[in-house]
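Visitor: First the structure, then my questions, so here it is.
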């Protein structure tokens, strides 16, 4: 696990002079967030338009992607205005952007956990599924998710006076140097991501193995199309959970793997760059694993025929 010397980084920031490297780092993250913005919006619209996703799983997907869209806009706004354009008033309130991202982190992860739990229950408790994921229960799950994250974030920011601030050295957000907060903020973000990611992947693996091993019993009364869709949904959430788990490991240990001696860029690629790349990767996984999304995308956005053939061939190969 890499130890980032926040005190030294704060001292460096006191003599900070804007350079082309700052503009480059800001532009890279801005482009990531802009790409993620369009993809996440497409997923959200698709969830409302596609008949197969007008379901409990689709509602949970909308909740997760809305939370991730908010994180994407938050990060993209700061990177464009503060890092790329070096607007001082924006930089001076970096803690507002950072604290908001800390609040959204558990919302996004718990949303993924709810999606995994949904697939788990659909597989192992089909007779109770409608009760477990009725409209009222889904609303309860979602409200509880946001309230729990709000309470945890409020405790960190208000009670323990923790702030997630921007450092020019490495172009990253990290906890501010505070006696009352200490390392609590770092431990919170790392532990919640690790615990929830492992739980998500564990649920997904159990569900996917059960679907593959007992598909004839689980879906004996369902059509081939329904079986394929359920496997696709399960594959989607297991990949997304695994990516979050790998990202947590990369965040902590990627610094030792990267070549070169410039710690600024090593910090950048293991934190800000990789974190915001998730805004792009997650919706791409959705499109890759869901035939309904691809059909809807091709039909509504006039994707060239050549690209259709390529995706069809890849999809057939994966099948």
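Cβ atoms are placed via backbone N, Cα and C, with glycine included.
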Visitor: With Swiss-Prot as the source, identify the stretch among 28-48, 217-237 annotated transmembrane segment.
Guide: 28-48
Visitor: Between the transmembrane segment (194-214) and the transmembrane segment (67-87), do 3 or more CB pairs sit under 8 angstroms, pairs being 6 or more residues apart?
Guide: no
Visitor: State, in range form, which of 138-158, 164-184, 267-287 has the highest count of Cβ pairs under 8 Å to the transmembrane segment (95-115).
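Guide: Counting Cβ pairs under 8 Å, the winner is 138-158.
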